[in-house]
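One structure is given below, encoded as structure tokens.
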């Protein structure tokens, strides 16, 4: 039940329009043509080539070993089959360390078929987001738990609690002002994610950030209940058990996001 015509490809301006219209956005990760084709045909609005592939595809303990070449390879595979969903690709660890490196990596990803790049964090990344946007490269920001910062954070932990909540809101305003088209909020308490969503004009896409975000994203392996070799986060729901097939699971997930039934309190974090 989407107000965006099923046959109409998503564009960057359409994402902002969706927020203005109160239309929830549905996002999933994909790393190959087969899953991407199924997601595209069953109601997914955005597909993310996540550097999560380092953990769920390559078997690493973090996303840090993923390279730009890895991202380009998977982006090409997915881009070949998409008809409707907008394709976002991560800038992997280190690729956004300087504006020049970020531009080079972004150009490679856009030439491979991505329509937007995702950058983790704020701070000096705000200037890099602005640098890319000024060069006509759409950017998705990523705040809260940023997996590329796992060494500094000491693990995969909830972010934005206590005094950190105010900083998260300020960071969200900063990346939006720099020109980010959308932003992912990961592992953030529901009230804080709701405050961020109300504070910015760009859509927020939650993953473990509660139901009041403007959309939701899950990792392919998590939403299908596949064993990725890592502890399953609280916010994950197995939609394959409900949907009975990958296509059915995709439709069930898309419907649950759009009608607001996912995520519920069981799949979110309190303050």
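Every residue, even glycine, has its Cβ placed from backbone N, Cα and C.
Copied from Swiss-Prot, the annotated features are:
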BINDING   51, 52, 90, 118  3-methyl-2-oxobutanoate binding site
BINDING   51, 90, 120  Mg(2+) binding site
ACT_SITE  186  active site, proton acceptor
Near-site residues: Mg(2+), ref 51, 90, 120, CB cutoff 8 A to centroid: 50, 52, 63, 66, 91, 92, 93, 118, 119, 142, 147, 148
Among 51, 186 [recorded positions], residue with fewest other Cβ within 10 Å: 186
Fewest other C-beta atoms within 10 angstroms, as judged across 90, 120, which are the binding-site residues: 120
Three-state secondary structure, residue 118 (3-methyl-2-oxobutanoate binding site) (per DSSP): strand
Local backbone state of residue 52 (3-methyl-2-oxobutanoate binding site), from DSSP in three classes: coil
Distance, the residue listed as 'active site, proton acceptor' to residue 118 (3-methyl-2-oxobutanoate binding site) (CA atoms, angstrom): 13
Distance [Cα-Cα, Å, rounded] between residue 90 (3-methyl-2-oxobutanoate binding site) and residue 120 (Mg(2+) binding site): 9
Cβ neighbours of residue 118 (3-methyl-2-oxobutanoate binding site) where a neighbour is any other Cβ within 10 Å: 24
